[in-house]
């Protein structure tokens, strides 16, 4: 019977692990399928802007090799300065992709498959690493929770949760797509290193602490190479190690694991070019370094405790005795190093996370608009149902206190804090939210299904109680080890203390201590007895049947909600998978077409222009121009040089003659996005503001450049009408044309989304001067690091530039002029101070712009699917909104104002159910810039000032004021409020 019982127990284990394996398989399947919509719908296409630079860098590594890659100074970018790519890129993704691509010819034929091109590999890397991130997160959850039921559930959630897919869809070749795998793997190895070994007692190091400590350090090095977010990872582990020490859970295994992680990780991190010696110089990384130093002190005391059999009191005294002089020495050394400038100050980005703000004060950063704080709607958008169940998993994690479980609790709190400061950091919350959701579902499955079924089966077959498996065994071992260590230490400490007191004749103290120890033993025995009683009731057959019934109901309740979450995630993933560089649209007759204008324009540059051609365009498009068009560009998404981008803004916002006098020294062609819907005219206010932040004479006394815009009726202001950008974007429309003697029109894409102009009378002298290597400034003779210079003809212009000091630049002392400029900028951008005579006149306009107010909604989906987007003044002034709607051929327009700018949608027809979501609050009534007695809705900080929040299911806070376009001067038959009269 014993052999049969053992076989049945083994069989039950195999069945359980088979179920877990099947669960992981389906999690991998889900992770893959949800990420390949872009491949299915559009083919192997790299998305958006930044991924094109990453792909170009990957090709460079594949074609030129390791050494050339790390000594690559790219003169095709940031002309004429260039960019030292070799020292400014996190190369992990490029190295990974090239390694996969080169390995394919060796193993894919064995599987009967053809090797993929490098482009195809780069498109698929995010999808592949979405799978590995899900599995790593599952392993981390199982290690922390003590059950693989939670691990499998967490992996399944992580596979599809939007907070993960938002940065890992196929074609989205960005650093975060592999960074989450690196982060979750590092965290798993860290917690695995802390798993107790039943064979090791008295707080000694385990083999696992050494092996997995080394692996943790290696995984962290890969994390550093992959993404700049490595700072979060090292601080997270440092905080966890410090918390364990503070909770009295220091052991030698913690010392081995952390020391190996820190030493290997730091040495490896310093070899990543953008990092260099930052781990031992930057203030945001000093915490982990101090934790490492403190760990060495604690380990020395621990060795002395075991060798000299010290009591608890003696251990504490020795720690204090050593800590005081070491702390004084560290403070003295830090003060000395600070004086000589050794430490770098906290970066503006890091310090900005601890400062409440909605605008940074930098018009370049504000033009990207990615630093807004998250809100409840953002969490619901990216986490869906998991947002509501994760708190329960958090509380369950608090109940079970182990070394590994404390990590997931700290991770949850830290990730929530930072994601609440910056919506983009929701990506850090995705893994831990999945883990906490998995904890709830896994624990429920164990307690309501797995364990009662196993208990009843054991009782029916008269087998021993079902054994724990995997991480659960480790959890039980940790509890037993801690109890054994505590008893062992208590006994030894009491014995040592008693011996000392007897030597000193203090028998009374020994008796008191013995009595205290006996009382503690009785209390523990009573607690164990109570737990045994609870266990007897809990394991009773009737109780097991009730638990199974409750589990069946829980499954019945959870399945439809799980389906909702799965369907919602797929719906959102399909939207996130649109490449943006190409998109599907419908013509006026309803025919669906593929708009591929952007690549068409870049291919024209590649095929129809000389190889040394320089292309001027707004910085957004720089990566695509070099990546697809293979031509030199003036600026790109690296945005490392504010003053250089401001010079570009000066050119585009200046009049044709002045713009040409500068452009002829820098560019051969000018490329603009046209055709509405987020084109360069929609971005034009940002161009003027960024330019004015450095060249203050663009808009004297007005940091927001309010005179650079449009009057009611779509009529441009004189400054806008004269500027180069307006002439090039509107060329051939409304009788507007560029001066062909300065800028010759040479290309317009099929659907008019892109126009290219050739710069006439280009200064060949300046072009040759920049191309001459002798005119580059090298950091050392014979070095590869040689920065280009502006041609001498532009020296007077460059001398006029005023280096920009922004609000978030905590590390630079700002002048009173900078303070005044910043204050004026914020007042105007918030709408608290309007322009004196810019568009709309600041005090409102007279007459009626020909719009009828219909209502206000907070959900973008209520505006219909056929809407067309615009921004800038179209979203803040009624006159511009009406002109936009008329140009788009739409009957309705919706606005959401954000300071001097806003968002707008032209809507052909409103859906029948839009009134069900109607609102009437302060956000809807935010005044328009040109007709201040009417409401233009609100967005972001203006909504916050109005005291309104996003409606359920929306990522952003919006109030869309909806108007119908009518003939000017027409009134409704029924008299009403000013809004109604419109």
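The first residue you see is number 1, and the count goes up from there.
Note: Cβ is positioned from N, Cα and C throughout, glycine not excepted.
Unlike curated entries, TrEMBL annotations are predicted automatically.
Note that this is a predicted model, so its numbers are computed, not measured.
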The annotated region 'Disordered' range in TrEMBL, which must be one of 425-466, 467-508, 509-550, 551-592: 467-508
Listed range which TrEMBL flags as transmembrane segment, given the options 192-218, 219-245, 246-272, 273-299: 219-245
Correct range for region 'Disordered' (source TrEMBL, candidates 785-814, 815-844, 845-874): 815-844
Matching range for TrEMBL feature annotation, transmembrane segment, among 389-413, 614-638, 639-663: 389-413
Residues from the same chain, set at least six apart from the ends of the transmembrane segment (322-344), whose C-beta lies under 8 A from its own: 278, 281-283, 286, 290, 293-294, 297, 300-301
Local confidence of the prediction over the domain 'STT3/PglB/AglB core' (614-669), expressed as mean pLDDT: 94
